[in-house]
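Below: one structure, written as structure tokens.
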């Protein structure tokens, strides 16, 4: 096998590979000899089939394996001999307009096998000194007021409702049980029908104006509710349209008294109110800590990004941009918006998000090298914990989810990647100065200028929610 490097420009490499016909012939004969004792052909005793006859029967299929193995061997030899770190799998190219002829002649052992191997390699760079980097960690502890607000919400959400006396009118805060059928321009639409639906008036669960028109209704009343779907409604086909709902009221119930006491705590599995307060405070604090971590990580990645400037593999940038851009287009579609609605153009947005893709690739390479240099590993136990956490998100489908990940190495790698990234981030945090800064809740949850979906090297962080206490209530209840 003859391998000649023909191109070495930046991160691109090209090699010309030639396997002479006589070498292919030798490889073919070797393979045929290897299968001689394994095949059974009528008229011949096992192991006594002449190689010439084997060649006549199996020659072309065996040669196909020989050619594939030769291509793989060439790739491995190039990478090993040159000490290359590949960005993506090698690309194999045959001379234009001659590919079929070359392959057919090689299959018949009548010609050389010649092809190009095109590679893209990872850049080499030195890890930067971070001793001069100082970043802020925003700190916020749950206040008694926030804990009490969460308890009040939990008490309200868990309160009981008692039927109002016969003929009583529904008031704001009451729960009504209704059947409804919605129509636009006289035609029913998908998702516009419901039976025995419980609705708390004033909760703003339904579209604006719907609940207000049921205040004063009695059991047995039939009402025509007229509303307009918001212009930014998530179902694009309904956004901005007028609709009418035929509503039948089947029950009216008044809310019971909300008490924050030991009985409330017991409803949430706690021994007493103090234990519930501790659980709520811990859950709210965990939510604040998660948001603080998200911002700390972004500031750290910003600092890292400013420390490095090296060539990026174009193919990796292209892949990353394609993934980011698909998210952008899907988001616009879901919201029924255009680039013009957002005050920009498609071209300007593409330029902006290409820079974001480049940042993500650059930071991904930096974090990978930091992890490799520091010998950071993710154990199988840690991956299993992440897998079981994911499985718990799909009650009733546990076995299907488990089998999916165990039979899909790529999916399992996607569970491992954020674990590795967080370990690397922790390692880097140990190399910089972290200064704690007490802040308000508003400051902690203030949005950054850069889109949240693309702040990190791997974009694994979720967008934070202002309703952190609601999430904390769920955690405390769980």
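Just so it is clear, glycine is given a Cβ too, placed from its N, Cα and C backbone atoms.
Looking at 409-443, 444-478, the range annotated in Swiss-Prot as region 'Disordered' turns out to be 444-478. Note on Swiss-Prot: of 154-173, 174-193, 194-213, the range annotated with the feature region 'Disordered' is 154-173. The average per-residue pLDDT of the prediction over the domain 'PPIase FKBP-type' (173-258) is 94, rounded to a whole number.
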